[in-house]
Amino acid sequence: MRFKALLRAIFRFRKTNFSILLIITYAIIIALLVFDRSRYKLDLPNATSDKLRRNLLEQAWSDLQVITQSPHPYSSRNNDVVHDFLLQRVKNITRSNDNIYIDDDYRNKSSILFHQPDVFNSTSKVSRVVYYESSNIIVKVVGSNNELPALLISGHFDSVPTSYGATDDGKGIATMLSLLNHFSSSQPKRSVIFNFNNNEEFGLLGAYAFTYHPWIRDIEYFINLEGMGAGDRAVLFRTSNVETAEIYKKAVKSRPFGNSIFQQGFNSRYIGSQTDYKVYDEYGLKGWDISFYKPRDYYHTAKDSIQYTSKESLWSMLNQSLQLAIYISNEKLIKKSSSNPAVFFDLLGLFFVVVDTKHLFYADIFMLIVGPILLMMKAHLDKRRRLERSRLVQLRLLLSLGLSVVFLLLLTKSLNSFNPFVYSADYRTPLTGLFLLFVTVNYLIVTLAERLNPTESYKTVAINQIFIIAWLMQLYITLRMAKSDFTLTGTYPLSIFSGCLIVALSLGLFGTKNKAVNDAPNSSVRYASSQNDEDNPLPSQDRGENINQVRDTGNQEVTSNTNTDLHSNAEEVDERMPLLSNNHIGDSGKMDKNSDFSKHYNWIVQFLCIVPISSFIFLFSLDYTLDAIHKMVQETTDDVQLICIIITIGVILLALPILPFISKLNYQSSVIIAIIGVLLFGKSLVMQPFSEIAPLKVRFLQTVNQHDISKSSVSLFTAKDTPIKEMIYDLPSVKSQSTLVNCTVFGGSKICDYYGLPPNLVDSEGNRQNKNLMKIEVLKNDNNDTQRSPYAPLSAEIKINVSENRVCSLAFWSQSSKQSPVKKFSVIKSNNNNTNSVSNSIKYADGIDEVLIHKLDFNGAHHFSIEWLPNIPFDLDYDPVIDGQGDNNIEITVACFTGEADSLSVVNGHPLKKIPAFDEVVKYSPKWYTFTNRDRGLVVIKDKIQL
């Protein structure tokens, strides 16, 4: 009997029991989170037992070291160095294999001219045409079964001008070389095609170029390898549908890592970047986007280098890609009839879960229907049991939750006022502090209400009301799911939470049969404060229990303390018993001994149904989301608001599972929680938002003044309220020349302009001012032809000469037309016999606003022609002879981009940095700054012409 009494004491709904269980639950969840985030560091293949994979990793690491020796954007000569290295590596790997074919776009002089919407801004209405000369290296490993469609593996070898490209996308390229090495020695059943593509960074152009290659017609599946962070683990960002998600699940048995929350981030455009996955997906291929996703403040900066990454990080991509590629290339894949998007996530890298979004939609509808039915049944049974709960009890959770939300909003607002960029340095500290304070306020309000109006029914009422809140959220999500054609793949945590609540409600209803607890008419039994549980930890068989029995008589409430002996083994009769029970008090006043189960275990079963699973899913999902995007606060203050909204919603969702039980939190635990919450929130208020390991990323662009190169303006872009102006005034060149710094705020961003050190863009002797960097020649202009018919299209032929340049843009503007009058653009190339001919031409009836030109020749001119329509007034009486011709003039703004970090020019025999202004901000700014490019190059040369 002593053992039985001990068990009852352990599992009673007591403050100590609940507090211990809550602490254990969160300790386990946090330990699992730490384990999940750091486990990849322990996963390197063993050099003895797994020699083959270890050799692949070591070779990939060596390749990565070579690729990342210097920045290598498409516009640089180092880009050609990387291209040549890759081509030679591919030849060395495949030299002894007759089933492998290599195609080099550089050698083939492949080029494309096409109309392209803005891939990074889906809301842009700019009509853009792109001319691109490709240097992709394409390799085909012919499979043994020609009937199987091919697999494409793609990655890009260019970097941005400010980055060494270790993660973006050197690891992807090194992984591809290792995969090619594997398939060259082990012929796959399915042909595998590798696209080592160029110029992904500024338009996904290497992938677009591949869509014009004849081999793409053989492909059905693709794996895109990308880096949108600068290290850590590679994640399955997105995949085409349920079929491809299931393939990943079957293929990647060792350390799967993916979450469809990232996929929804792309679909909803919360993630502004894009990858080549977009191109292949729009072409109609089915595939996987495997990418690194953090840290974003190293992304596209000099810290995206070998120094700041690791073999463990490289292996996380190589391991997933190798498993997936081997499985796809050697299996006859079974196609599913469903092409719906998939909800997917891994569990600690041990299991991978895949759910059809339409199936999740049906499950949500089922829960939306079943939930209210359960609540109505519960209300009916409460009525039969004559349980009458006062309105104060009904309002208790709503009051505590409402006041806590107001308090939470005040805290986040104060944090934004005092330290808005703290989330960039550490989002977990403010998140934890806000969560603990939110729980503390709920605890205080509920405890105070318990003292004023004691009740044992709070848990049940709170579960019901939280389910109603979850039901409303689920209804909103389900309606959005239907409108979005089932593309909402990141809302599954709410579905899991609702499912947990329904299970908890069902246990209360269907655990046992229904009997009235008290047959006395118009009576209800209520306990005094729940603190009484602490007073009698081990109830005696010889002792009755003190019951605060309340009877309603008209409008009067009569209370009497009665020492009632229900049974020698019985304890309180209270709301902790299930609603449907075999264990009841009959007319004899006796209770069945089986009531002990419902009395002592009901709350703990409900706790285990709701809290661990929901808290685990909410915490992991929230941490993944914030881990990926918390650095966005550096972009604009609008992103600060977005992060705050996510944290606020996340805190509420994290707290909801424990609120029904919060009244049983003991005093000691509540004090500790409050103290830790205050300390963490206080730390968040004073924490330095930027540091060497969590730097502020600033975007750089220098605009050359051709008339006076010493007046070349430097523009630094960052979020509003960052201390960028003070840093600029501390630069040696600014101080020595007393240069003015002009900062302008637009939206949530800030741009600061000043005259920086002049660039050294080309090798030169004598005057180092680099005059005539750009020369625009108009070779032909019909607008000046007086014999031209006023109704005939106008045309012009133009040549732009820019030394050491590959990339230019043209913007067309006409004062007389809202829409661009330019309808045709043609690229003109020189032939071997010194004659010119049109190599590519495109017409676009809606008008061309902008043309981007990418050529591989550094010193050749940008030579092109355009056609535009004359301005003809919409007047039937219009006569061009009498009234004269309309305004047919157009303005062309030419911008040519050049320059990459660490590059040199020889001026008067001395090697000098090409962009000393950039070198200056890197060298003399505090160590918690890091810099990246604002545009296609670090330097832009601009000019205008009128036609």
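Residue numbering: from 1, along the chain as shown.
Cβ from N, Cα, C; glycine included.
Note that the structure is predicted; figures quoted are calculated from it, not measured.
For 1-15 (among others), the entry in Swiss-Prot reads topological domain 'Cytoplasmic'. As a whole-number mean, the pLDDT of the topological domain 'Cytoplasmic' (1-15) in this prediction is 73.
For the transmembrane segment (16-36), the list of distant contacts is 10, 348-349, 534, 537, 603-604, 607, 611-612, 615-616, 619-620, 623, 658, 661, 664-666, 668-669: same-chain residues at least six beyond its ends, Cβ to Cβ under 8 Å. Marked as transmembrane segment by Swiss-Prot: 16-36 (among others).
The feature topological domain 'Vacuolar' is assigned by Swiss-Prot to 37-358 (among others).
Here the Cβ of GLU226 (Zn(2+) 1 binding site) has 27 other Cβ atoms within 10 Å, regardless of which shown protein chain they belong to. Sequence annotations record features per position, and here Swiss-Prot assigns Zn(2+) 1 binding site to HIS156, ASP168, GLU226 based on similarity to another entry.
Annotation comment: Swiss-Prot describes ASP168, GLU201, HIS300 as Zn(2+) 2 binding site. All chains included, 28 other C-beta atoms sit within 10 angstroms of the C-beta of ASP168 (Zn(2+) 1 binding site).
The number of other CB atoms found within 10 A of the CB of GLU200 (active site, proton acceptor), across every protein chain shown, is 27. According to Swiss-Prot, the active site, proton acceptor annotation covers GLU200.
Remote same-chain partners of the transmembrane segment (359-379), defined as residues 6 or more beyond its termini with a Cβ less than 8 Å from a stretch Cβ, comprise 343, 464, 467-468, 471, 474-475, 477-478, 481-482, 486, 492, 495, 498-499, 501-502, 505-506, 508-509, 579. Per Swiss-Prot, the feature transmembrane segment maps to 359-379 (among others); the stated evidence is sequence analysis.
What Swiss-Prot records for 380-391 (among others) is topological domain 'Cytoplasmic'.
The annotation transmembrane segment is assigned in Swiss-Prot to 392-412 (among others) on the grounds of sequence analysis.
Annotated topological domain 'Vacuolar' per Swiss-Prot: 413-428 (among others), in sequence order. Under 8 Å from some Cβ of the topological domain 'Vacuolar' (413-428) lie the Cβ atoms of residues 297, 623, 626-627, 630-631, 633-634, 637, 640-641, 643-644, 647, 681, 684-691, 694, 696, 719, 721-722, all in the same chain and six or more residues away from its ends.
Taking Cβ pairs closer than 8 Å, the transmembrane segment (429-449) reaches residues 392, 396-397, 399-401, 403-404, 407-408, 411-412, 415, 422-423, 458, 622, 626, 647-648, 650-652, 654-655, 658-659, 662-663, 665, 670, 673-674, 676-684, 687 in its own chain, all 6 or more past its ends. Look at Swiss-Prot and you will find 429-449 (among others) tagged as transmembrane segment.
The feature topological domain 'Cytoplasmic' is assigned by Swiss-Prot to 450-458 (among others), with similarity to another entry given as support.
For the transmembrane segment (459-479), same-chain residues at least 6 beyond its ends with a Cβ under 8 Å from one of its own Cβ atoms are 13, 361, 364-365, 367-368, 371-372, 375, 378, 389, 393-394, 396-398, 488, 491, 494-495, 497-498, 501-502, 504-505, 508, 575-576, 603, 606, 610, 656, 659-661, 663. Swiss-Prot lists 459-479 (among others) with the feature transmembrane segment, giving sequence analysis as the kind of evidence.
Residues or ranges marked as topological domain 'Vacuolar' in Swiss-Prot: 480-489 (among others). Beyond its flanks by at least six residues, the topological domain 'Vacuolar' (480-489) meets 260-261, 263-264, 267, 340-344, 357-358, 360-361, 364 of its own chain at Cβ-Cβ distances under 8 Å.
Taken from Swiss-Prot, the feature transmembrane segment applies to 490-510 (among others).
For 511-601 (among others), the entry in Swiss-Prot reads topological domain 'Cytoplasmic'.
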Q: Sort out for me which stretch, of 392-412, 490-510, 670-690, has the most Cβ pairs below 8 angstroms to the transmembrane segment (642-662).
A: 392-412
Q. Whole-number Å distance between the CA of HIS156 (Zn(2+) 1 binding site) and the CA of GLU200 (active site, proton acceptor)?
A. 6
Q | Any further residue of that chain within 8 Å (Cβ to the Cβ centroid of HIS156, ASP168, GLU226) of the recorded Zn(2+) 1 site | A | GLY155, GLY165, ASP169, GLY172, GLU200, GLU201, LEU225, GLY227, MET228, THR275, ASP276, SER291
Q) Within 8 Å of the centroid of the Cβ atoms of ASP168, GLU201, HIS300, which other residues of that chain place their own Cβ, given that this set defines the recorded Zn(2+) 2 site? A) SER159, VAL160, SER163, GLY165, ASP169, GLY227, TYR299, ASP304
Q) Among all the protein chains here, how many other CB atoms are within 10 A of the CB of HIS156 (Zn(2+) 1 binding site)? A) 30
(Q) Neighbour count, 10 Å Cβ-Cβ cut-off, for GLU201 (Zn(2+) 2 binding site): what number do you get? (A) 23
Q: Tell me the residue counts in helix, strand and coil for the topological domain 'Vacuolar' (623-641), as DSSP assigns them.
A: 17 helix, 0 strand, 2 coil
Q) Taking DSSP three-state, what's HIS156 (Zn(2+) 1 binding site) in: helix, strand or coil? A) strand
